[in-house]
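Chemist: From Swiss-Prot, here are the annotated features:
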type	residues	note
ACT_SITE	53	active site
ACT_SITE	99	active site, proton acceptor
BINDING	56, 95, 501, 538	ATP binding site
BINDING	97, 539	Mg(2+) 1 binding site
BINDING	98, 99, 100, 101, 120, 244, 318, 319, 320, 541	substrate binding site
BINDING	121, 274	Mg(2+) 2 binding site
């Protein structure tokens, strides 16, 4: 057996620094909290529990700015996932998580275990997972390493979700140079639950038992939480030991067993929590902390797949497919028998105590004896310095970017080929989107839609964020991220209910990065107040840098909305010849951060144009009202690529064309002014629609049988066949993925 360093040796060699603790944090532990030197195992426990990934020590002051309450909120931040009331005794459960650093090192396993972890968060609440979504960011596809990352991440997401039998129904993929060495892999899971079955991760009741269930513990993922709380450098790209390895078939058994316990034997169960980041220590210490209790654990009882594991390794392992249960005394044998019936390990490893102390025994020795609060509530909270990035002053001094569009048709086709805009079906065809046969609107739409069996209702769900906008203006960009998510939900016929988030940023110790974080959070909060969408769960991923270069601020917004009647489900495709086409919202010369600017200049700059939350809300309310009154046959939000791209996307499914006339310069077809929709209305409903639109909708054309897109601008008439546009859009990514860099 390896002799671990003594407490004095840890202090003298500053080993704690390698595990992510600072000198001041170590001093706080020694002099204020324990009033002694922590031993090897205890130092390891502090290092992961006080990491940013677990403690949110840098982000807590920012997260407090989010609205978390609302009429539908049943569970806000603080548990495995958030929960919203959707009526009839039912609730929707959802959360998003990041797995950025692991996916950069081992993209398949990093992405797969990210999906597995977020699924466990959902069923730990007692909910049946019904959908997975993802939000992915990569560098440019002219790089072979990026192509490899894309292939492996997509395969990892699909491989895990498909095997476990949960449909991957939607998401988004964007490409920008800032993500070249630091990809973002954010996964979101949505579940359904009867409100009476809601569970919490609390270890209540002295004498109740702590059970370990699921897969055995190995050495994979040790210090994964610490790994996720540091930035990349050249030498750190090989930290594969910090990446977990997943088994979706084991997860399926674990999910089924947990749901059987919750739904059929809830009287046996006190609390349940996933062993995610920081593994066994995080799950058990948090369960005790939330209940105001203590815990004694016997680590010799923990099922292990490797020999001679130390207490440190057992506690910090992030082996996948494991859960911690608090079981009512006297029911241990029944619970163990239930899990063994699924061929899963199930072992009593400890018990709940009244004394709020966290004690670990291993091989007959007390290897850790800490106050529970020391690991959870006592973590320091930092109020970081802030400074406005210098680039913003440079952008403000520049003349506004106005694109030169000399060949409108060529520009239109070129935009359709841009990786962020182009057809993503070559990626999402790896996902089974229809397993369980509840998916009504498939990937590639504004929002995915999943029906709720036994009711007339459905859920709309989406993930959204444009990091370019946040790079130019974090506050307004944060507002736009929420606004676009809500716009997508509304376009599908849903009422936005709430959000989860993955807040992806660079190193918070840099004042400019922390300023971006704070400003964007304020923007998100303001938008959430406007749309009535509280933040009910989420995740913070900081230190997304490589060799000192940060990603764009990228706060991914995952939103869920309720479609009150499946008859309200609306899709983006034009459906019937002679339907009238309306543009809702004004179009200005907004090109800052646009796909056109990136395509023409190779970079982004300038100040974002004016954005009004009030206008956004009014336009969304109009569209939703029209949908619910049965006046709209299709709806599509305008985002990357502007009006020309949105109109094109509306033609691709049915192959219908259109005649459109707009009082715009040709270049404005590609402007990315916010708060806009295109909708189609039957001619018979024209008067009714225009009556409720109050002049905020402009009639710009009609749908035609001829598969040609005709657009008359103030400058010219542009014609483009649907076939040519669709071919360009569909072929772009497969060609890029096959080409040699």
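The backbone N, Cα and C atoms fix where each Cβ goes, and this holds for glycine too.
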Chemist: Taking every protein chain in this structure into account, which of the binding-site residues 97, 121, 318 has the most other Cβ atoms within 10 Å of its Cβ?
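Modeler: Of the binding-site residues 97, 121, 318, the most buried by Cβ count within 10 Å is 318.
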Chemist: Sequence gap of 6 or more, Cβ distance under 8 Å: name the residues on the same chain that satisfy this around residue 274 (Mg(2+) 2 binding site), in order along the sequence.
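Modeler: Residues satisfying the criterion: 80, 117, 120, 121, 124, 283, 322, 323, 324.
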Chemist: A 10 Å Cβ contact count, applied to the binding-site residues 98, 100, 320: which residue has the minimum?
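Modeler: Per-residue Cβ counts within 10 Å for the binding-site residues 98, 100, 320 bottom out at 100.
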Chemist: CA-CA, which of the recorded positions 53, 56, 320, 501 lies nearest residue 97 (Mg(2+) 1 binding site)?
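Modeler: Comparing Cα positions, the closest of these recorded positions turns out to be 501.
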Chemist: Within the same chain, and leaving aside 56, 95, 501, 538, name every residue whose CB is within 8 angstroms of the centroid of the CB atoms belonging to the recorded ATP site, in sequence order.
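Modeler: Surrounding the site, in chain order, are 63, 77, 96, 97, 500, 502, 503, 535, 537, 539, 540.
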Chemist: Find the longest CA to CA distance in the recorded ATP-binding set 56, 95, 501, 538; express it in Å as a whole number.
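Modeler: Max Cα-Cα spread across the ATP binders: 17 Å.
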Chemist: Out of 53, 95, 120, 501, 538, give me whichever of these recorded positions has the highest number of other Cβ atoms within 10 Å.
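Modeler: Neighbour-count leader: 501.
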Chemist: Checking your reading of the structure: which of the recorded positions 98, 99, 100, 318, 320, 539 lie inside a 10 Å Cα sphere centred on residue 56 (ATP binding site)?
Modeler: 539
Chemist: Could you say which of the recorded positions 56, 99, 539 has its Cβ with the most other Cβ atoms inside 10 Å?
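Modeler: Per the Cβ count, the most surrounded site is 99.
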Chemist: Taking only the binding-site residues 501, 538, 539, which one has a CA atom nearest to the CA atom of residue 100 (substrate binding site)?
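Modeler: In terms of Cα distance, residue 100 (substrate binding site) lies closest to 539.
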